[in-house]
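Taken straight from TrEMBL:
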DOMAIN    5-136  domain 'Alanine dehydrogenase/pyridine nucleotide transhydrogenase N-terminal'
BINDING   R16, K74  substrate binding site
ACT_SITE  H95  active site, proton donor/acceptor
BINDING   S133, D197, R202, S219, 238-239, 266-269, R278, 297-300  NAD(+) binding site
ACT_SITE  D269  active site, proton donor/acceptor
Amino acid sequence: MASIGVPAEIKRDEQRVALTPDGVADLVNQGMEVRIQAGAGLGAGFSDAAFAAAGARLVSAAEAWGAHLVVKVKEPQPEEFGFLRSDLVLFTYLHLAAYPEVGRALLEAGTTAVAYETVQLEDGSLPLLAPMSEIAGRLAAQVGAHLLERPHGGRGILMGGCTGVRPARVVVLGAGSVGWNAARIAAAMDAEVFLLDRSPERLRSLEAHRRGRLVSLVSSSSLIERLVPSADLLIGAVLTAGGRAPTLVAESLVQQMQPGSVVVDVAIDQGGCIATSRETTHTDPVHTLHGVQHYAVGNMPGAVPFTSTEALVSVTLPYMLVMAGRGLVEAVTDRPELLSGLNTVHGAVCHPGVARALDVTPRHPMACLR
Ligand SMILES: NC(=O)C1=CN([C@@H]2O[C@H](COP(=O)(O)OP(=O)(O)OC[C@H]3O[C@@H](n4cnc5c(N)ncnc54)[C@H](O)[C@@H]3O)[C@@H](O)[C@H]2O)C=CC1
Ligand SMILES: CC(=O)C(=O)O
């Protein structure tokens, strides 16, 4: 019988879990054995009793990691590297461009790792990243608004201003799932929003939904140089799938921002797109440089684990069913988008963007699977 293991997340401040009790019931009904580490769902509001009632077996971390398919939320932490092995299929967010040491551990162990964030449909969309990006984008506007308040270290600007007083100026780099959601929440707060993307087609597709003081602009380095110094809130949200985020904002530009302004670099999980950001945690989310508060939490959706867990499992469960039920080779035939999810297979890197970031030569995923 195929077994699926769900370890508790141990990344700092991560409270999400990779399966819900409803998801467990679906897998068990398909004849699969589901092992949940005891306590794994508590932070997201799912009790051990609820998982057991759905048919899961409550186990230790080692037993959860011992399953054929291990599903997680975040990349394995160094304490978990010892659980990696060559007959394991790991399905989780990996972001190997930002965490090369995780890539090395997966390659050394020969683990087959399928990264949620690089599963890509034919139209270029990223179905397993999109829900978390939607959440992180919405949070970015909320967090930015909060940090702009004086008691939270900000310059004391209200997002929507008030009658006769200007609103906050928000500049969003990247108009994908994160950027669009950040921009539309900021616009709904009545801020003045500039949404930049290198793709005019992407901006055009958003045109009909644009509301409030939201201006969309085709990105260029000159435009960024003009806009950033006057931004009260700068949000980084660009991505090239699998690759390291490009640095779009140099330190000299951040230096020109007003003291108390805020940077939220959501793209930090791919290395960040603002030169001065470095990864922070929910416990200690802000570092201040040149008088500008930087928020760059690599697992922002972990702040709302109930919403995020439900949203994540709603998109990952169909893939778990096919991977555990029919094996990886049949799964990629049935769901070809899984091929781009393959980051490492038996000691080789299979995704070109990840390979570039790790400075290794990629192998074709089908060749690796054979
Ligand atoms: N910190 C966190 O907790 C989370 C971080 N993320 C990250 O946020 C980032 C954005 O994700 P999504 O919005 O889902 O990606 P997406 O693929 O939907 O959008 C990225 C956008 O960036 C644009 N872009 C790429 N290079 C550009 C450039 N040089 N100049 C201007 N625009 C450029 C693309 O045209 C695209 O529209 C990713 O790194 C993702 O992993 C997502 C969720 C949570
Ligand atoms: C996308 C991602 O890495 C996260 O939600 O934590």
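Each Cβ is built from the backbone N, Cα and C atoms, and glycine gets one as well.
What TrEMBL says about a protein is an automatic prediction, not a curated fact.
Sequence features annotated in TrEMBL and their locations in the structure.
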| residue | record | CB count, 10 Å |
| --- | --- | --- |
| R16 | substrate binding site | 29 |
| S133 | NAD(+) binding site | 24 |
| R202 | NAD(+) binding site | 18 |
| V238 | NAD(+) binding site | 24 |
| V266 | NAD(+) binding site | 33 |
| I268 | NAD(+) binding site | 25 |
| D269 | active site, proton donor/acceptor | 27 |
| R278 | NAD(+) binding site | 12 |
| G298 | NAD(+) binding site | 25 |
| M300 | NAD(+) binding site | 26 |
Closest of K74, H95, D269 to V238 (NAD(+) binding site), Cα positions, recorded positions only | D269
Tally the residues of the domain 'Alanine dehydrogenase/pyridine nucleotide transhydrogenase N-terminal' (5-136) by DSSP class, grouping H, G and I as helix, E and B as strand, and everything else as coil.
-> 49 helix, 21 strand, 62 coil
Compare the C-alpha of S133 (NAD(+) binding site) with the C-alpha of each of the recorded positions R16, K74, H95, D269, and give the closest one.
-> D269
Tell me which recorded positions (R202, V238, I268, D269, M300) have a Cβ under 6 A from ligand 2; sequence order is fine.
-> D269
Distance, G298 (NAD(+) binding site) to R16 (substrate binding site) (CA atoms, angstrom) = 13
State the Cα to Cα distance, in Å, between G298 (NAD(+) binding site) and H95 (active site, proton donor/acceptor), rounded to an integer.
-> 10
Sorting the binding-site residues K74, R202, M300 by sequence and keeping only those with a Cβ under 6 Å from ligand 1 gives R202, M300
